[in-house]
Amino acid sequence: GLCACPAEFFGDHCEKERVQFHAHNGLCLLRESNTALCKGLVLAASLNDREYCNSAQDCTTWDTVKRMVGIMWEAELGDIIVDSIAVLFCLLAIPLRWPEDGQSKSKHVGKYLFLAGLVCFVADVALESVLVHFVGGAADVVAELEGAFCFSRGDASRSLVLLEDLAGTIATFAWVNIALAIVGGSCDVIQAFMDTNPGLIAVVLTVVAAVSELVLGLSNFFMNTNEFVSIIKEIELATLGLAEMEEGHACYMRHPQLDELLPAEAVGVEWIHPGLTVVMPAVLAFMSFLCAICIACLRAPS
């Protein structure tokens, strides 16, 4: 009977390697590269070849960085949704907190609505902490990839340097958002016990913190996190021969004749825990405001 080829090879006589090294006129040096890691990157990037990963190729490094990026992306998306809910209910609570007719029931509802915003600020701190943790891990793995020389020297390595720079920027934005969430949460508690000027100042600071978090979150998401994901996709497409890198070349690429068996298709950055990082925080934030309205109405003075 026919014998199956080893995972790294294919062809009638198992004479072709799934992942080929390309020197690109001396820009790539085989002796300098981490062959196992670079081959693993290509296999892990290919939807139709990832099953051929084994101990001979280090597929886990690329899978790890993509998993971290996926969780980063989800955490930031979840944070934006929570911030949007917080801003919406804060804007609804302002006229209730200090009603023109001075009705104590409206003031009571407004006070509880602002207090419910504490849940959003706590969720912010949790999600941004997740972001800081995983972006730091992703930066470490990117540094490892940079030292593996899977891409041509010079221009191509700039993509990895850019990833490291973006990781630092994303982490900075996250720390600023954590600080804003702590300020907003503290002011939320203060306004619940004060109706005079200190209470008004606390409400203003709460709203400013919530709006600032939303603006910073959106800016970070579209300018930095999405750019991070785009570079990951660009690297995968280049290693599969589906696109050229903007600068430089991939030194290890999927064998072009594999397309005759199974066309190349990039895995990309996949969803990891959307229920935990996106859905649950949003539901908790929304439910906290609904519960606040119900409790305030039940406990409000007649």
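Yeah, the Cβs are placed from backbone N, Cα and C, and that goes for glycine too.
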Disulfide-bonded cysteine for C5 as listed in TrEMBL, from C3, C14: C14
Confidence summary (mean pLDDT) of the domain 'EGF-like' (1-15): 82
Positions on the same chain near the transmembrane segment (199-223), where near means CB under 8 A and six or more residues out: 76-77, 79-80, 83-84, 86-87, 90-91, 94, 97-98, 114, 117, 120-121, 124, 169-170, 173-174, 176-177, 180-181, 183-184, 187-188, 190-191, 193
Residue numbers, six or more beyond the limits of the transmembrane segment (112-135), whose CB comes under 8 Å of its CB atoms: 68-69, 71-72, 75-76, 78-79, 82-83, 85-86, 89-90, 92-93, 96-97, 167, 170-171, 174-175, 177-178, 180-182, 184-185, 188-189, 191-192, 203, 206, 209-210, 213, 277, 281, 284-285, 288-289, 291-293, 295-296
Among C5, C14, the one of these disulfide-bonded residues whose Cβ has the fewest neighbouring Cβ atoms within 10 Å: C14
